[in-house]
Amino acid sequence: MNWNQIIFISLIATVLILAIANEAESAAVRTDKSDIKREDGENMKKRIFMQESEATAFLKRRGRRSTKSKDEVNAENRQRLAADERRREYYEEQRNEFENYVEEERDEQQERNREKTEQWREYHYDGLYPSYQYNRHHI
């Protein structure tokens, strides 16, 4: 086939597809009933856009440089104080648990030392009280 014939056939196929697609009603966009589209558009505008006074009031309240209301400041402070209290309680609980652990370890260590000392004294006891080593009289 010649290049001219291939281009001609592809153009005819493209025109045919466009003609069929133009008459078919698409699911996304309707080609007729334009008055319904206008009414839907007005309803959509009312649902999407707010009145100018409401918009300016919203932007004044929420602007970056505008001051916060007392209620907003108080709410933020309450949240901050509650978070500080939770953090303080958590660290206090952790500190108490560690102190209890250290106290138990010290008690166990003291008990082991006392037992070792008693065993040493029993093993080295010579029948005298206090032991013979401390009762020597050097001449």
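Cβ atoms here come from the backbone N, Cα and C positions, even for glycine.
Feature list (source: Swiss-Prot):
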- 70-123: coiled coil (COILED)
- 68-98: compositional bias 'Basic and acidic residues' (COMPBIAS)
- GLU72: 4-carboxyglutamate (MOD_RES)
- GLU76: 4-carboxyglutamate (MOD_RES)
- GLU92: 4-carboxyglutamate (MOD_RES)
- GLU99: 4-carboxyglutamate (MOD_RES)
- GLU103: 4-carboxyglutamate (MOD_RES)
- GLU104: 4-carboxyglutamate (MOD_RES)
- GLU105: 4-carboxyglutamate (MOD_RES)
- GLU108: 4-carboxyglutamate (MOD_RES)
- GLU111: 4-carboxyglutamate (MOD_RES)
- GLU115: 4-carboxyglutamate (MOD_RES)
- GLU118: 4-carboxyglutamate (MOD_RES)
- GLU122: 4-carboxyglutamate (MOD_RES)
- 60-117: region 'Disordered' (REGION)
- 1-26: signal peptide (SIGNAL)
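Annotated features, which come from Swiss-Prot, shown on the structure.
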{"residue": "GLU72", "record": "4-carboxyglutamate", "contacts (Cβ under 8 Å, 6+ apart)": "none"}
{"residue": "GLU76", "record": "4-carboxyglutamate", "contacts (Cβ under 8 Å, 6+ apart)": "LYS68"}
{"residue": "GLU92", "record": "4-carboxyglutamate", "contacts (Cβ under 8 Å, 6+ apart)": "none"}
{"residue": "GLU99", "record": "4-carboxyglutamate", "contacts (Cβ under 8 Å, 6+ apart)": "none"}
{"residue": "GLU103", "record": "4-carboxyglutamate", "contacts (Cβ under 8 Å, 6+ apart)": "none"}
{"residue": "GLU104", "record": "4-carboxyglutamate", "contacts (Cβ under 8 Å, 6+ apart)": "none"}
{"residue": "GLU108", "record": "4-carboxyglutamate", "contacts (Cβ under 8 Å, 6+ apart)": "none"}
{"residue": "GLU115", "record": "4-carboxyglutamate", "contacts (Cβ under 8 Å, 6+ apart)": "none"}
{"residue": "GLU118", "record": "4-carboxyglutamate", "contacts (Cβ under 8 Å, 6+ apart)": "none"}
{"residue": "GLU122", "record": "4-carboxyglutamate", "contacts (Cβ under 8 Å, 6+ apart)": "none"}
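Separating the Cα atoms of GLU105 (4-carboxyglutamate) and GLU111 (4-carboxyglutamate) is a whole-number distance of 10 Å. All protein chains shown were included, and the count of other CB atoms within 10 Å of the CB of GLU111 (4-carboxyglutamate) stands at 10. Across the region 'Disordered' (60-117), DSSP helix (H, G, I), strand (E, B) and coil residues number 51 helix, 0 strand, 7 coil. Across the coiled coil (70-123), the prediction's mean pLDDT works out to 95. DSSP classifies GLU118 (4-carboxyglutamate) as helix under the three-state reduction.
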